[in-house]
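Trainee: Before I ask anything, here is the structure I am working with.
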Amino acid sequence: MWSKDHNNQTLRCISCLFIVFLLLIAGIIVPISTANAALPASNAVVLPYPEPEITAKSALVMDRRTGKILWAYKPNKKLAMASTAKMMTAILALQYADPNEVIKVYPRDLVGGSTAYLRAGEKLTLTDLLKAALIPSGNDAAVTIADYVGRKYLGGVGDNGIQVFVDEMNAKAHELGLDHTVFRTPNGFDAPGQYSTALDLAKLGRELLDNPLLSSIVGTYRTRVIGHLGGKPVYHTLVSTNDLLPIYPGMQGIKTGTTPAAGENLVSYVKRGNIELIAVVLGSQDRFADTRAILDWMFSSYSLAESILPITSPTTAHVNYLQMYPYYLEARGE
């Protein structure tokens, strides 16, 4: 007589075989040699789990290692970027200035919005200002950086330092192939003619992660920096605006953004084993819920891919598997 456990095991085996059979006839599993081939939009196959419902106006998931898009919703829709602009401010600052340079904060740098609570006359290193700009999203820190680099390295004079820095941000955007991005401010304040897209911000986030210092900063949830004013230390406790950083498995950054025009934005980076994903949500009503829903969905699909594809390289298998659902931009509306 078969035991109950034996019967359960037999049922599980039959169920697994049936699932694989359904996947095969549905066209979800294909030879790896054809996984990268361009398929007509009408032949796009859906991932095995229902696509999550999100409030974002635009969203995207990129494979960080390859730069390939795994899924997207209106990835080229031009939207207000808010503080995600600070990613470019940080990248550009390190292109010109040394991380250990000491920078003075001027009254003109103390703008409103999210702040690191810097004080006029205070001096901090560029590294500490980058932390203040990227972790608590300090607008004052971002403008201080732009002001300094614009005047010292880009020929700016007085208040003009910020504008020449912004001009260089746009030149850098062109260099990086951010074809649908225009900067008007170094901190992402709403401004006429300033916009970006989920696709461009994913590319920008990938560029930022290639810098070890910036990658470390955006992955920090809480820290303290010390400035100096009148020979006395000024302490700043910095707490990340990315609420997912301490609680979502594998979350390692990158940047939030919120303004009246933008709504809620989030560019995030998650690493689990050999899987590295960059996710972007723009114009969301709840960026953290949207991001969690998208990433949970993607990782569930990765797990299924790993279980059904007998391939020795999980990363290759996963990426090729997910490319079966091509993100076909024309099929998704943009």
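Just so it is clear, glycine is given a Cβ too, placed from its N, Cα and C backbone atoms.
Automatic, uncurated: that is what TrEMBL annotation is.
Copied straight from TrEMBL:
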type     : residues : note
DOMAIN   : 51-285   : domain 'Peptidase S11 D-alanyl-D-alanine carboxypeptidase A N-terminal'
ACT_SITE : SER83    : active site, acyl-ester intermediate
ACT_SITE : LYS86    : active site, proton acceptor
ACT_SITE : SER137   : active site
BINDING  : LYS255   : substrate binding site
Trainee: Excluding near sequence neighbours, so keeping only residues 6 or more apart in the same chain, what lies with its CB under 8 A of the residue listed as 'substrate binding site'?
Mentor: SER83, THR84, LYS86, MET87, LEU134, SER137, GLY205, LEU208, VAL218, ASN242, LEU266, VAL267
Trainee: Indicate whether LYS255 (substrate binding site) is helix, strand or coil by DSSP.
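Mentor: DSSP assigns LYS255 (substrate binding site) to strand.
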Trainee: Taking every residue in the domain 'Peptidase S11 D-alanyl-D-alanine carboxypeptidase A N-terminal' (51-285), what is their average pLDDT?
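Mentor: Mean pLDDT for the domain 'Peptidase S11 D-alanyl-D-alanine carboxypeptidase A N-terminal' (51-285): 97.
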Trainee: Using all protein chains in view, find how many other C-beta atoms are within 10 Å of the C-beta of SER137 (active site).
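Mentor: SER137 (active site): 27 neighbouring Cβ atoms within 10 Å.
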Trainee: Quick one: give me the count of other CB atoms within 10 A of the CB of LYS86 (active site, proton acceptor).
Mentor: 29
